Every structure is written in structure tokens, then in C-alpha cells.
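S.K.: The structure's right below; bear with me while I get my questions together.
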Amino acid sequence: MEKYDVIVIGGGSAGLTVASGAASLGARVALIEQSGRLGGDCLHFGCVPSKAFIQAAKEVSTARRAASLGLDVSGTVDLSAVKTRVEEAVGSIQQQDDPKRFTEMGVDIYFGRAEFVTPNALLIEGEDYVYGKSIVIATGSSPLIPEIPGLEDVTYHTNESVFDLEKLPEKAIFIGGGPISLELAQAFSHLGSEVTVVEKASSILSKEDRSIQEAAVQVLGEDLRIVTDADIQKVTKDGDGLSLHCTVEGKDLHINGDMLFVGTGRKPNSGALNVGKAGVETDQKGFIPAGDDLRTNVSHIFSIGDANGRYFFTHAAGMEGKQVVQNAVFGLKGKVSYDQLPWVTYTSPEIFHAGMTEEEATESGINYKVYETTLDDVDRFVADHQTQGLVKILTDWKGKILGAHAVGEGAGDWMQPVLYAMAKNNGIGSLSNMTYPYPNHAAAVQQTADLFWREKLFDGPVPAVTKKLIEYKR
Ligand SMILES: Cc1cc2nc3c(=O)[nH]c(=O)nc-3n(C[C@H](O)[C@H](O)[C@H](O)COP(=O)(O)OP(=O)(O)OC[C@H]3O[C@@H](n4cnc5c(N)ncnc54)[C@H](O)[C@@H]3O)c2cc1C
Ligand SMILES: NC(=O)c1ccc[n+]([C@@H]2O[C@H](COP(=O)([O-])OP(=O)(O)OC[C@H]3O[C@@H](n4cnc5c(N)ncnc54)[C@H](O)[C@@H]3O)[C@@H](O)[C@H]2O)c1
């Protein structure tokens, strides 16, 4: 049996971070991946294909909008051309995850499904046994399919199959109003499909600040029909298409379509791992919880990325992976902090989230202040004709940033200065005390931060004092 300092199970964003980091430090590392290729969900079915798809759709939408400038754009989209675009993006980024790159770093790669046989030993595809001093579970997640009568009798898509579509649907139905559905639903709408999003909760994007949700509903509602509070009763075949039967506020609603997408959350991939043989506990949904030091209840076994069920983001997987390298290789107890973990929903406009929402701030009992700017007050957005959106920053009474949220074209990029301020523990005032090249989009951040100084300077005792000083100097 081969012996390793660290065994990593899963070759996605989380596992690859640990494998490369631990090998670079000189540890003997094994990486086990069941699918026969590295990169995981982000590369093959998630971030990369979705962003390539969204960008292609955005270009179509922009071209169509140019009609108002006299350009006559007509015709239907060739979805197979979009598919090629997506494949090119995945293929290009795939090169970074070439197994050769990892073997050259000293990582032993095993392609096959791993399962625990003891707390330190794993069996791969019923053939190879490997022993690890530390073991890192990075097995990711898959689409969670709700139990809806009739669903299994119709063709439906998830993020694992939708990028293979060759023909643009005329009427697409998306179940779920979270980021997976909304990003893709809007992209299909931009490409020319008529799209309905069906959400069981009272709002889409339930993890966002309430005012951000409201702004998102307003702007996404221009591209999508959004049905909330929907209780889906069944799905039936309807000619060549299908019909979704729901109850909404006590009334029946039938929605017809020729494509059904399910984006209703995630389930863990760890079922086949047999973690019970290692004494590792799972939660009710089967995720493998870990503490802030990323250890499971068995201290030499770590759980990171989607597998621990905490946050489903590539950058969260990377952050956790980096910490695990230190903890697994050197036996440290370093912890990650999720307090400022940002995320962006890549709709158009984008939706940015960092730290507390106003509802969380209220619930925590903290004394907070809100500074808000709408984008129709920011010159660049006015010039761009993209004034839909807002910036909202929450602080404590001294100006420490508790949360930052935005809806705006490109917000995922131009809100980055706020993350720097939060990471450095710089107050909101620091975002005002910089020079922003006119007229950039990040001026939306500065204008929001200016409100803090304006309040301090003009709403407090300062004006009276300065008036007296000026009178004295006259
Ligand atoms: C449509 C979509 C869009 C997304 N967009 C974004 C985005 O824009 N930004 C962002 O930050 N996040 C995004 N995400 C989330 C992101 O893709 C995931 O959070 C990320 O891929 C998780 O990485 P991971 O390494 O934990 O898991 P994965 O990438 O799923 O990797 C797990 C790997 O483990 C392997 N495996 C599983 N079980 C075993 C076993 N028993 N033995 C061996 N191997 C095994 C799997 O084959 C897989 O390769 C998106 C997700 C989706 C679905
Ligand atoms: N841009 C990004 O960073 C990005 C993009 C896509 C996904 N992700 C990650 O992937 C995770 C999973 O995304 P998701 O959108 O699948 O999950 P989600 O949990 O965020 O949203 C799923 C939605 O489906 C609804 N739903 C569940 N069952 C339903 C039913 N039977 N009928 C109608 N609605 C139903 C839920 O109420 C919820 O609003 C996200 O939490 C996010 O972390 C990130």
C-alpha cells in the first residue's frame, strides 16, 4: 500500500488547491478523481461554461438593443455556435488543470472512485489501496432534484446538460430563483427564448439584502417572467413540450414550455465515500461538516469546498484549500473566516454581496447605519445608459464596514475596493479619501462613502465651528 502525507479526494477547485499547495511544500501527495479529468464542476459544468454562455448571450442582447441606434439586427441565434464558444473557453482553461502539470509538481494522480476502508486507508475503484496521514475530502456537489410528480417522465436539464443544447428553446421554464437559474434564465432570454422562472419562496435570491432583492426583481423582470410563492404540483407532457402545474396563492397556474431547467440547490457527492468506515459524521443532507479549521469530527480528515455544505463558491473552495494545506501538512489549527466572504451573481446587471445584509444587522441587534447611492446619480452609469441599480453599504457607528451590496453593470469588479477596505479594517471614510479617475464606475463607491463624511461634516457641530472660524478670520 502506497503511503502519503496527504491524500486529496476530488480534483475540483478545492482539491486542486490542496494538492498543488501541499506538493509545493514538499509533502507526498495523492490526488484521487473519479471522472477521468481534472477541474471539477467549476470548469466543466459551472462557472466557466456559464460565464462563457452569459457573455455570448450578452453580445446578442447588446446587438439587438443597437436597433435604437438605427442598426437593424434580425435573425435567430445558432445555439450550436454558442456551444462551440463555451467549449473553447472550457478547453482553454482546462490546460491549467492538465494532469501533467500536477504530476510535474510531484502529485500522484489516481483516476477512479475512492472509498474509505479505515480512517487512514482508501480503496480506489476496488483495486488500489492508499494510506494517508491526512485525508482531505473535496468531493463537491451535484444538482438537487426536487420530488415533483411527473418530473422523471419528461426531459429536463440541469447545469450538467444545459450547455449541450443545440437548439434554442422557444419557451423555457426555470425551476428555482437562485443564482444558477437566474444567470442562465436571463442568458436564454437574451438569446431569444421566452423565459419563466418559478420560485417556491416569496422572493428570488433569498440570500440577498431585501432592497437588493427588490432591485433585482425589478430589473430582471424586464427579461424574465418571475413567478414566486409557487407550489409546483406536477409536470406533464404537452405535445412536443411540457406543462408545469402550480398553485400560486391558492390559484392554479399552468406554464407551458419546450425546455425545463431545474436549479433548486445542491446535494453532496460524498455518498459513495463510505465515510462511516472512518467514523466521519455527516449532516442531515449528507454534507460533511467541518469546523473553521476545516477538520471533520475526525481530526486528520478535512472537508472543504462544496463537500462541507457551507458555501458553494470556487473562491470559498480556494480559501479553504489554502488553509488546509497548512493545517494538513504542518498539523496547524489555523482557521478560515467567512465574515467577509463576497459573492457575485453574474446576471445583467451583476449582484454583489459582502458581509451582513441589513436584515442580518437588524437581527444581530448591532447599531448600524446605511449609506446608499442609486446609479442614476453616478455620471458614468448615466453616460452608459445603465442607470439601473444601487450601492448599499452598512457600517457601525464609527464607520466600520459591516456589509456591502450592489446591483449594477460590472458591480462584481468595481465593488472590489470595498473588499480591500474590509480586509484591511479600513472604515467607509477610506473609500472616500481616494482619487477616482473621472468618470469611472467605481465612483459609485466613492459617492456612497462621501455620504459618511457629509453626514459627519454637515449634519454635526462642524458647520457651526467653521462658520465661527471664517467670521473670526474676516
Ligand atoms: C452553473 C454554476 C455556475 C457557478 N458559477 C460560479 C461562479 O460564477 N463563481 C463561483 O465562485 N462559483 C460558482 N459556482 C460554484 C462552483 O462551481 C463550486 O462551488 C465549485 O466548483 C466547488 O468546487 P469543489 O472542488 O468543492 O467541488 P467540485 O468542483 O464539484 O469537484 C469535486 C470533484 O470530486 C470528484 N469526486 C466526487 N466524489 C468522488 C469520489 N468518491 N472519488 C473520487 N473523486 C470524487 C468529482 O468528480 C469532482 O471532480 C457555480 C456552480 C454552478 C453549478
Ligand atoms: N455566480 C456565482 O457565484 C454562482 C452562480 C451559480 C451558482 N452558485 C452557487 O451554487 C449554489 C447553488 O445554486 P442554486 O441556485 O441551485 O441554489 P440556491 O439554493 O441558491 O437556490 C435555489 C432556489 O430554488 C428554490 N427551490 C427549491 N425547490 C424548489 C421547488 N420545488 N420549486 C420552486 N423553487 C424551488 C429555492 O427556494 C431557492 O430559491 C449557490 O448557493 C451558489 O453558492 C454561485
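Backbone N, Cα and C atoms are what each Cβ position is placed from, and that goes for glycine too.
Whatever TrEMBL says is automated annotation, not expert-curated.
Per TrEMBL, the feature FAD binding site maps to LYS51, THR139, GLY140, SER141, ASP306. What TrEMBL lists as NAD(+) binding site is GLY176, GLY177, GLY178, PRO179, ILE180, SER181, LEU182, GLU183, GLU199, GLY265. The disulfide bond annotation in TrEMBL covers CYS42-CYS47. The annotation domain 'FAD/NAD(P)-binding' is assigned in TrEMBL to 4-321. Per TrEMBL, domain 'Pyridine nucleotide-disulphide oxidoreductase dimerisation' is recorded for 342-447.
Walk me through where these features lie, including what they touch and how far apart they are.
M.R.: Take the CB of ASP306 (FAD binding site) and look out to 10 A: across all protein chains shown you find 31 other CB atoms.
Secondary structure from DSSP puts ILE180 (NAD(+) binding site) in a helix.
Counting only same-chain residues six or more apart in sequence, the Cβ atoms lying under 8 angstroms from the Cβ of CYS47 (disulfide bond) belong to THR314.
With DSSP states grouped into helix (H, G, I), strand (E, B) and coil, the domain 'Pyridine nucleotide-disulphide oxidoreductase dimerisation' (342-447) comes out at 37 helix, 31 strand, 38 coil.
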S.K.: Express the distance between the Cα positions of ILE180 (NAD(+) binding site) and GLY140 (FAD binding site) as a whole number of Å.
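M.R.: Roughly 16 Å, rounded to the nearest whole number.
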S.K.: By the DSSP assignment reduced to helix, strand and coil, which category contains CYS47 (disulfide bond)?
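M.R.: Looking at the DSSP assignment, CYS47 (disulfide bond) belongs to a helix.
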S.K.: Can you give me the same-chain residues 6 or more apart in sequence from GLY178 (NAD(+) binding site) with a CB-CB distance under 8 Å?
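M.R.: Listed in sequence order: ILE204, LEU205, SER206, GLY263, THR264, GLY265.
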S.K.: ASP306 (FAD binding site): which of the recorded positions CYS42, GLY176, GLU199 is the nearest Cα neighbour?
M.R.: CYS42
S.K.: Ligand 2: which of the binding-site residues GLY176, GLU199, ASP306 have a Cβ closer than 6 angstroms to it?
M.R.: GLY176, GLU199
S.K.: Compared by Cα position, which of the recorded positions CYS42, GLY176, LEU182, GLU199 is the closest one to THR139 (FAD binding site)?
M.R.: CYS42
S.K.: Among LYS51, THR139, GLY140, SER141, ASP306, which the record lists as binding FAD, how far apart in Å are the two most distant Cα atoms?
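M.R.: About 23 Å separates the two most distant Cα atoms.
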S.K.: On the 0 to 100 scale, where does the mean pLDDT of the domain 'FAD/NAD(P)-binding' (4-321) fall?
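M.R.: Mean model confidence (pLDDT) across the domain 'FAD/NAD(P)-binding' (4-321) is 97.
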